[in-house]
Amino acid sequence: MSPAEQSPSALTFDLVTRCTTTKARAATLQLPHGPVQLPMFMPVATQASIKGLTPKQLEETGCKLCLNNTYHLGLKPGQETLDAIGGAHKLQSWPHNILTDSGGFQMVSLLELAQVTEEGVRFLSPHDGTPMLLTPEHSVSLQNSIGSDIIMQLDDVIATTSPDHARIEEAMHRSVRWLDRCIEAHKRPESQNLFCIIQGGLSLELRKVCCREMVARDTPGIAIGGLSGGEAKTEYCKVVDTCTGLLPEYKPRYVMGVGYPEDILVSIALGADMFDCVWPTRTARFGNAITNTGTHNLKNAAYAYDFQPVEEGCKCTCCRPPSEGGLGITRAYIHHTTAKETVGAHLLSIHNVYHLLEMVRQAKTSIIEQRFPAFLKAYFAKLYDGNKTKYPKWAVDALRGVGVDLMIEE
Amino acid sequence: MATSDQPDPLLSAPPSPFFTILKHSPTGRGPRIGRLTLPNRDAIRTPHYIAVTSRGAVPHLSQDNFARLTNISGVYVGLEDFLERASQRPPPLYELRASFPTPDSALRRFTALPDCTLCVLGARRTPPVTAPAANPNTESTVAVSTAVGFRHLSAADYAEAGETLGADIVVGLGDIPYGRALGSKRIEKATDRTINWTISHMKLRQQDRPQDPNQPKLFAPLLPVPCEKQSFYLDALTTDLEPSIAGLALYDLATLPDLPQPLTPLPLLAFLTPSTPQTLLHHIAQGVDLHTTALPTTASEAGIALTFTFPAPSIDPIAPHPLPLGHPLTAPENATSLTPLSSACPCETCTNHHKAYLHHLLSAHEMLGWVLLQIHNFSVLDRFFEGVRAAMDAGTFEEECRRFGEVYETALPEPGARGPRVRGYQFKSEGPGEAKKNVSRFKVMEKGREARSENAVAVSDSTAEAVKETEFAEKEGGNVGA
């Protein structure tokens, strides 16, 4: 297979600082709808809205890049409507950046009946059961209609936990071939950045081959895919570490589907820049508050009489006291409304999204100020209330591998 | 209508600065303009609406959006929304109260209600879920609906809560048998109970903090029957209790025609669950000052953007009329419409969004659809009441009411969308065998499985060309890259 021509790019990547201990980096990514700071967490607006939040409320969390799902927008409102409206920015009145996935992941995760062939992903319409086919060309064409600032190639996603090595290898090679088709089909490279997706399951050898092949195709950014599917965290870290070691320094690296605070921070230390997950907003609907001391289920009866803010000291609109222009929402009030009134979900989504964005912002600042290792130690200490025996072994090991020993005090 | 500079008994009668009648008809009955003033709250010009909350929030309006994107000047809170834990321990709201020095408001803090917004507290939601026959009101309690079922709220507990939770207006407890008629025997009982409860509530107020300017205003409930049938109670109100009563709560229009003269200067707060602007106009014409209404919420959850104005627009002889009161945004013509929900609407939704987005959100069942519709629909209601007051000022109210009736349809359009999931505290179970209130959304897998077995052969034999027929997988679909 021959590498495609050098892809045009609609972004610039300005490396600000490299952590002198870990592989972490801080960078500014200039995208068509404005600059974003890396590392960065990206909340997911599956169907062109973050569950119940207005674009202004999302903006207030500091979010400058959110995800839309190509699969969902392809079904509703559909490509024709998107073309008529003029894309997803215009649809949702979002002046900042949008990233779309390829739609392939939903095929596999939502539709157990999808079949992957060399042409594309064959599946049955969830509406009426008619057979349909999603090809790399369709996926790119849809994403061109959506107009997202970053678009993803269609990849052949196999669960990392699959025991079928031959199938994983086939999927990796197919993903490379599909990348070529995506590059070929991409109609707006001057305004939309196509990212490749490294596949290869948990096999480091396959991942290395895939990195080489895809880096040669010179896309504006690079994603590490197929992870976050229930694999052991140790394996996950090895894959991220291996890939970032082979990726060019001056391109953004996006690990798909990662959203737990510890996973994000360890991945930053391993050299990844961008993360997305539905978890903060989904878990908010079940009453789970993400805080620096862990995730608390505010539906639990213990919180019915807890009049502290959702997270003490948090600067989000929900937690900030009225004296600082916030709402001063208590855990008891979230308990009172969760699963009963939609505002309960709205308020907690504001907090959870803000919390993750702020955590990554603080990590970024610490990288720039060359105190990222200390930041990591403080974060884990707070999360586990200073009890080092509770630290997850995979995180301790992974961070040791990049020069940070959580077990040793600063 | 008389104007405010003419000396007349009704206009000069109430010395209380709390409610001032600015304009009324010569008979002293019928529509009137007033002003409700409380320290630290925005003054409210009446007639006006009071938005109905559920569990402390106007549905779908998170408190930041409420404060910034609406002009809702008063809310109604049903205490029953906060009582589900009361059998084990004082409810959280009561315990929060203990942590504040008076005069801070536990209710206001707990629900993050802005300081400028008027807060009215009553025992029950409006409209309330009808109590089962097995849970009637008693000599000392009323049946209230909580998230864990019906329970009894004692009149004494309610009065205490009303005085201390920090509402601006407390609606006194009445023996109102929501959803059931008051027979003649039952009226006597209801009258006696309401008198007793009201007297006890008064006593509590006098003991507690008689001179406190932050003491909530007490509105006396009127039983939902004509005044002649509750004369004992009304006599008690007019003779002994009147000085400490700041307003009246109305549950049935039948009470109004023979309302005793001494009570007419009091502000009238209605719990009549109006479902159309025409009903609101009718209530306004009867002299109601404050109207609790869930009309905007009902419309939003049905996917309807309200469009009516008062005065109604001039009838275009060519355009079809009557005009609709609102538009269901689920209608297919909205799918690609980049125009605001209603032209010249200054609300945040119309300023920043278009019909196509609302259409998408509603058809995708996204919560944001209801949020944006609430912002718009409350804005429509704000301007409706502004228009009503302006017409009264100009003396054209009756004429405009008549015209409104001619120009608009009499009911909201059919709901276009399935609303949010209905909760147990919002409806009464009709007993065994009743249909599911909430449709299960996730049946795709099963259907897909069936479809697959039927189509298995066709799928495996077909080529890409043969299956590229639907919108998602269409190979050359749309105007890509245009």
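Quick reminder: no glycine exception, Cβ is built from N, Cα and C everywhere.
Feature annotation from TrEMBL assigns domain 'tRNA-guanine(15) transglycosylase-like' to A:22-383. According to TrEMBL, the active site, proton acceptor annotation covers A:ASP101. What TrEMBL records for A:ASP101, A:SER102, A:GLY103, A:GLY104, A:PHE105, A:ASP155, A:GLN199, A:GLY226 is substrate binding site. Annotation comment: TrEMBL describes A:257-263, A:281-285 as region 'RNA binding'. Residues or ranges marked as active site, nucleophile by TrEMBL: A:ASP276. Residues annotated as Zn(2+) binding site in TrEMBL: A:CYS314, A:CYS316, A:CYS319, A:HIS351.
Overlay of TrEMBL feature records on the structure.
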residue: A:ASP101; record: active site, proton acceptor; Cβ within 10 Å: 30
residue: A:GLY103; record: substrate binding site; Cβ within 10 Å: 23
residue: A:PHE105; record: substrate binding site; Cβ within 10 Å: 23
residue: A:GLN199; record: substrate binding site; Cβ within 10 Å: 29
residue: A:GLY226; record: substrate binding site; Cβ within 10 Å: 30
residue: A:ASP276; record: active site, nucleophile; Cβ within 10 Å: 23
residue: A:CYS314; record: Zn(2+) binding site; Cβ within 10 Å: 19
residue: A:CYS316; record: Zn(2+) binding site; Cβ within 10 Å: 24
residue: A:CYS319; record: Zn(2+) binding site; Cβ within 10 Å: 27
residue: A:HIS351; record: Zn(2+) binding site; Cβ within 10 Å: 25
Legend entry - Distant-in-sequence neighbours of the region 'RNA binding' (A:257-263), which means Cβ under 8 A and at least six residues beyond its ends: 41, 105, 227-229, 233, 236, 275-280, 290, 356, 359, 379-380, 383, 392, 395
Legend entry - Contact set, same chain, for the region 'RNA binding' (A:281-285): CB under 8 Å, 6 or more residues outside the stretch: 43-44, 50-51, 295, 338-339, 345, 348-349, 351-353
Inset, instruction - State the mean pLDDT for the region 'RNA binding' (A:281-285). - result: 95
Inset, instruction - For the region 'RNA binding' (A:257-263), give the DSSP counts of helix residues, strand residues and coil residues. - result: 3 helix, 0 strand, 4 coil
Legend entry - Alpha-carbon distance [A:GLY226 (substrate binding site); the residue listed as 'active site, nucleophile'] in Å: 13
Inset, instruction - Could you find out if DSSP has A:ASP276 (active site, nucleophile) as helix, strand or coil? - result: strand
Legend entry - Nearest of the recorded positions (A:ASP101, A:CYS314, A:HIS351) to A:GLY226 (substrate binding site) - Cα to Cα: A:ASP101
Inset, instruction - Whole-number Å only: compute the distance from the Cα of A:ASP101 (active site, proton acceptor) to the Cα of A:CYS314 (Zn(2+) binding site). - result: 31
Legend entry - Any further residue of that chain within 8 Å (Cβ to the Cβ centroid of A:CYS314, A:CYS316, A:CYS319, A:HIS351) of the recorded Zn(2+) site: A:PRO309, A:VAL310, A:GLU311, A:LYS315, A:THR317, A:CYS318, A:ARG320, A:GLY326, A:ILE350, A:TYR354, A:HIS355
Inset, instruction - Sort the residues of the region 'RNA binding' (A:281-285) into helix, strand and coil with DSSP and give the three counts. - result: 5 helix, 0 strand, 0 coil
Inset, instruction - Could you round the CA separation between A:SER102 (substrate binding site) and A:CYS316 (Zn(2+) binding site) to a whole angstrom and send it over? - result: 32
Inset, instruction - Work through the binding-site residues one by one (A:CYS314, A:CYS316, A:CYS319, A:HIS351) and name whichever has its CA nearest to the CA of A:GLY104 (substrate binding site). - result: A:HIS351
Legend entry - Cα-nearest neighbour of A:GLN199 (substrate binding site) within the listed binding-site residues, A:CYS314, A:CYS316, A:CYS319, A:HIS351: A:HIS351
